[in-house]
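According to Swiss-Prot:
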COMPBIAS  1-23  compositional bias 'Polar residues'
REGION    1-42  region 'Disordered'
BINDING   Gly151, Pro152, Thr153, Gly154, Ser155, Gly156, Lys157, Ser158  ATP binding site
REGION    419-439  region 'DNA-binding'
Amino acid sequence: MSTQIPARQETYDPSQSSGTKTPSHPYDGNPTRSYPKRNAGKFTTYSSQMIAPRKRKAWEYEEEEYEASRDFYQRVTSWYDGAVDLAPQLFREQHFPSYDEFYSLGGVNEKFLEAHEEVKAQEQMDSRYLQHGQLPSINMGKQPIIGVIYGPTGSGKSHLLRALISCNMLDPIPETVIFITPEKNMIPPIEQTSWNLQLVEANFDCREDGTIAPKTSTFRPEFMEMTYEEATAPEHLNIDHPDNIYVKVSKRGPVAIIMDECMDKLCSGSSVSVLFHALPSKLFARSAHCTAFYIFVVLHNMAPRTAIGNVPTLKVNAKMHILSCHIPQFQFARFLYAFAHNISKDLVVLLKAYFSFLQQNQRFSWVMYTPDPVSESFRWCSIDQQYSIIPLNVNIQERFLKTAKSIIKFSETHRKQLERNPKLTDLEKLSPPGTFQET
């Protein structure tokens, strides 16, 4: 008696199909048929439509996003190259891929676009204040202003003080300037003449119709000289005293007080802290004609010999710090570590390198720090030799630094795709006929 062995029927597993193989009977690939598959002791069904080969989509991109991101990519890479030139000890030289390669590999992701939008929004907000990429004034309409100017002898402090008024670097310009010195007759006649001339020059402006008219309510701003003892006398520090000189001049219009060569007096004399915080705000609020009140104190050393006195109070209440590029590098570094709390260490090193660059190439430039600016981009500024106020945009540079690091990381991740394949053939140039010589 013979037993007939039935033929083996092959089952079809959709998960192991390559998409091109035609399954055999009884699972013949009918779209309306369901195929059983054993899974953990149970049968489940899969439709043949789930394993149908997908059509490859054509590569699509947004042209506007492509062009806008190109400009931002070039700005970031150019900024990094400049940072390498300024601080090669911190920033290593990098060979960035071309933008087309970066874009084609998916580098323009959400993080990249978010950084681009943040920079764009910040620059749009800053454009409301800028004129040709520069700030029109150092105070940007804020009042009252207490500023400290640091610089050794011969660094151009006197020229800067006169330029603050004559070059329209204050808004509004003062009608009365009180110049305070340690002793009497310390201002040379030539400097007095320069002050009077530049005060008159700054007071007049040419209008569109060709007429020349004063900017203030007076034709000739007043220049007054006082000693330190006179300026800090009790009757002048008391705002309710009838002989207070500051109350009298504030009734005429904007006032500027300049304290020069008084560092020893400030360190060793009695407390005059009321001159640096209470007096300016009260005078500015009391008189309607006093639309501006400025106090500028000149210090020859950023680190006085004693930590007591009026200098620490002055630094705390100062709304503006202007540093000469003639000061030593270690003093600027100490200033950075004391005030630059909101920026990264890499940007601190970059600021130190930029200050060193100014010391070597633009000796009579200045670096200005404002604790409470109208925009975060204007916290750090530079004043060049033409007295142009240029914002350093440290907050935007922070975003450039983060984006540059992400580009570098992206390039390292896709190193194999970015590597150039070696040439399979090498073409050798043949010499023209008749150039071979027999030996």
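Backbone N, Cα and C define each Cβ position, glycine as well.
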For the recorded ATP site, enumerate neighbouring residues of the same chain (Cβ within 8 Å of the Cβ centroid of Gly151, Pro152, Thr153, Gly154, Ser155, Gly156, Lys157, Ser158, site residues themselves excluded), in sequence order.
His300, Ser324, His326
With H, G and I counted as helix, E and B as strand and the rest as coil, say where DSSP puts Gly154 (ATP binding site).
coil
What are the non-local neighbours of Pro152 (ATP binding site), defined as same-chain residues 6+ apart in sequence with CB under 8 A from its CB?
His300, Asn301, Ser324, His326, Ile327
Cβ neighbour count (within 10 Å, all chains shown) around Lys157 (ATP binding site)
24
Hey, what's the Cβ neighbour count for Thr153 (ATP binding site) at 10 Å?
8
Highest CB neighbour count within 10 A among the binding-site residues Gly154, Gly156?
Gly156
Counting only other Cβ atoms and using a 10 Å cut-off, which of the binding-site residues Ser155, Ser158 scores lowest?
Ser158
